[in-house]
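Enquirer: After the structure tokens below, expect a handful of questions from me.
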Amino acid sequence: MRLINQHPSRVWQVALGALPFALAIVAYMIASAIRRADNPQDKLLPSLTSMGEAMYGLAFVADRRTGGFILWSDTLASLERLAIGIAIAAAFAIVFGALIGILPIGRALFSPFVAAFSLIPPITILPILFIVLGLGEAAKIGLVAIGTAPLMIRALAQSVLDIPREEIVKAQTLGATTWQIATRVVFPQLWPKLILAIRLGLVPAWIFLISAEAIASTDGLGYRIFLVRRYLAMDVILPYVVWITLLAYVIDRALALFSRRVFPWAHLTGDAL
Amino acid sequence: MSFLEARRISKSYGDAPILERVDLAVDEGSLVTIVGASGCGKSTFLRILLGQEQATGGEIHVGGEVLAGEPDEGRGIVFQRYSVFPHLTVLGNLMLPDDFEGSRFVGRLFGVKRKAARERAEAMMEKIGLAHAADRYPAQLSGGMQQRLAIGQALLKRPRILLLDEPFGALDPGTRQDMQAMLIDLWRETGMTVFMVTHDIQEAFHLGTRLLVFDKIRHDPQFPAAYGATITYDIPLRGQRQPAREAAEDPAVSAGAADDVRSLPFPAPFERGDEPHA
């Protein structure tokens with residue numbers, strides 16, 4: 001049988017999917033062992049055990065200074081900023097995406113501005129945000145929102161435009177007003193697209209979150225990584241990177257699952273992501 | 001004055017004329033089939049009748065009044081695809097017209113009104129043979145079922161004019177015949193005026209009470225886009241006003257229709273479609 005027609009069974013699929021992860025871990029362990037054989041104090045590639053010990057300390061031993069558990073308080077602080085920032089961006093995306101997508105007048109009014117605004121590198125706005133909003137939560141949340149909103153607005157506006165013209169015309173022949181077309185035809189089809197836009201927006205959102213935390217913060221996952229960088233504490237940095245990746249992955253899968261559960265009609269054809 | 005009158009309709013996109021000097025008068029209750037080569041402007045003409053596009057010149061009157069410049073409830077439409085709403089079930093699609101009419105701001109009915117809308121939707125489902133698929137989404141329906149749903153949805157508004165843009169073009173021959181029969185039944189029952197664009201000339205002859213052929217009368221071989229199309233043939237047909245068997249038993253009607261067709265310069269295959277069914 002041709003290779004192109006050979007499909008792995010369910011068990012093999014899982015095994016094959018796990019293989020690159022296993023190989024990466026084994027490669028790391030070998031490299032780490034080689035370096036530590038040279039110098040037992042090596043900081044660059046710490047052993048899995050020392051990483052586990054460092055993470056145990058951060059997760060389950062109360063911090064002497066604050067009395068909190070650092071990993072969880074960092075995670076909570078970061079996720080809160082991420083959630084609020086994304087929620088603000090999503091609100092903007094719905095309002096302006098719909099205005100641009102549904103109304104030709106709205107398109108003429110907002111489309112050029114959003115297109116121009118989306119080309120500003122968001123990180124260059126960070127100093128402005130710090131100056132205007134101070135070094136508190138608002139600036140960090142603002143960066144996440146500003147960094148993701150233009151992208152999400154454009155994604156949603158395009159989703160509206162992708163709704164076949166036939167549907168909009170048909171709704172008019174069924175007696176719908178502009179408002180009714182928006183609320184009964186466009187918005188219901190927009191919700192699954194919003195979830196998709198959020199999933200896309202989360203990628204830059206994490207970047208801006210970590211950047212903002214690295215520059216001005218007293219807690220958060222990004223703050224911790226850049227704090228311990230000064231001590232070359234790879235035994236904290238590496239697990240934190242894995243932890244952030246895991247969080248991002250779980251959020252992404254949860255959103256995808258949510259969309260399938262709540263909007264089954266949107267996942268009947270095609271759509272693999 | 002006829003029910004629908006189009007006077008010297010023209011349409012061009014930029015410098016390219018699509019339609020020129022289209023004159024047409026149609027009686028109420030006609031079933032007008034429209035054929036023509038690809039890109040001859042027959043779908044454009046249908047969209048102008050619908051109000052989705054505006055004619056560059058000329059005007060159309062329906063029942064003595066100038067045609068509204070945007071789609072409205074007086075004119076139903078069924079496209080070849082995308083005529084139903086993918087996020088609503090069959091039942092939801094069929095309740096939507098009542099939702100629009102009964103609830104200005106929320107777009108949804110509740111309580112007694114909702115029950116009435118549901119009953120109307122269920123009656124229509126019965127009529128179009130989709131009662132067993134009430135809770136399915138359009139993507140879970142076959143092409144024929146989707147088009148039946150689209151027609152049923154359009155008919156809920158009881159439009160005086162129903163526009164069909166190659167409604168059965170994507171269906172297999174068996175399904176297409178069933179759909180044609182259903183359309184004829186609904187047309188007889190409602191007395192609405194139907195305009196149907198089709199690629200299938202046999203279908204056009206078989207179903208219509210009148211056949212319009214769109215084509216270019218002037219042709220510039222150096223610059224094919226120089227002239228627009230117009231109605232080149234306007235052929236009265238027997239149509240399917242009565243059930244097929246009665247029509248076949250009436251020699252005057254069938255003979256007249258056959259003569260009409262044979263006297264026209266069409267290739268043989270088209271004529272066969274209009275033979276009375278034995």
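Keep in mind that glycine also has a Cβ here, set from the backbone N, Cα and C atoms.
Heads up, TrEMBL stuff is auto-annotated, nobody curated it.
Note that the coordinates shown come from a computational prediction; the quantities given were computed from them, not determined experimentally.
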Enquirer: In TrEMBL, which of A:43-62, A:143-162 is labelled transmembrane segment?
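Expert: Checked against TrEMBL: transmembrane segment maps to A:43-62.
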Enquirer: Using a cut-off of under 8 Å between C-beta atoms, tell me which stretch among A:43-62, A:82-103, A:194-212 contacts the transmembrane segment (A:232-251) the most.
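Expert: Most Cβ pairs under 8 Å with the transmembrane segment (A:232-251) come from A:43-62.
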Enquirer: Against which stretches of its own chain does the transmembrane segment (A:82-103) lie, if we need a Cβ under 8 Å and a gap of at least six residues from its ends?
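Expert: Beyond its ends, the transmembrane segment (A:82-103) has Cβ neighbours at 109-111, 114, 140-145, 148-149, 152-161, 178, 181-182, 186-187, 190, 194, 197-198, 201-202, 205-206, 208-209.
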